[in-house]
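Participant: One structure, as structure tokens, below. Some questions next.
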């Protein structure tokens, strides 16, 4: 905690018997991160007591300094005085409210002013160690002058008529805001003080919590890239990636000739140089033809690509593959109709003379037959008997 700035003043003490005057002339709102913040009440101390002076001050000098305290700190100091000095009659503390408004802050400042006036009038309370601790006199001497404290002190001196040390309080605050806080390097004791705990209070100034200070992280600035003027050409890293295709010429392999096709993205594969026409690696049909087979020109290919069918049935059937017709089963063969055996014809009845002549003819033929005729007769008459009769 930084010690208050102690300045010599020419104002007259109102409490000469105690040598101490305590007032609360104003308050200040301190904004924190996000929606947090608290109110500090500035206590003006005017005294000639040696406990508040440094070695450079004379015994008869009257000094003044400013101390900023929060509601919770003033409440703690009030409870200490009430518990130790029960005989002292002090005004009651202002009531606690959930939401603190401007009227509540003004009411608290007025009550704190009355309480500290009563403390400064009482000789026992004015020299109590609780008051010395509350006003921060454990570390004697002033270790620096803050712009806020000095401006308030000089503003109070201007009311007493001291023109040499008086200046405008609000003008000094504006100058400090424009100049900004000075940058100090943490060395030695400053490095140890940065490790101390700082107090974080709620917006009402009631609850207190301690948290360690965080070291500010030094951001490493990236090296800015050189700015290009209007005459400099920016190098495109992908310039050669999408350039026109290039291929080797059969006449001179060392020369690169740009391809005719502007849509080609990649170079032709390198096959080890151009191949002569009569090389044995080529197919015989290719050697005889003497050149590549003619292909469709670019315009014919475009016409074929953008051709639109006029027949609606053909357009609908473009994506569908023709289904093969199912093969018809062969009809079973029709069986032939069975041959109806014919009735043997009845020979006409012959007379007795004809019958006798007819009987004599076969007998003569039988007698005239030899062995071969008999065998042939048996074969002719035996074959139909062995064949199975067909139902169809």
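Glycine residues also receive a Cβ, built from the backbone N, Cα and C atoms like all the rest.
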Participant: Pick from 113-137, 138-162: which range has region 'Disordered' per Swiss-Prot?
Facilitator: 138-162
Participant: Write down the single range among 273-318, 319-364 that appears in Swiss-Prot as region 'Disordered'.
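Facilitator: Matching range for region 'Disordered': 319-364.
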Participant: I'd like the Cβ neighbour count for residue 337 (N6-acetyllysine), meaning other Cβ atoms within 10 Å of its Cβ, all protein chains included.
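Facilitator: Counting Cβ neighbours of residue 337 (N6-acetyllysine) within 10 Å gives 7.
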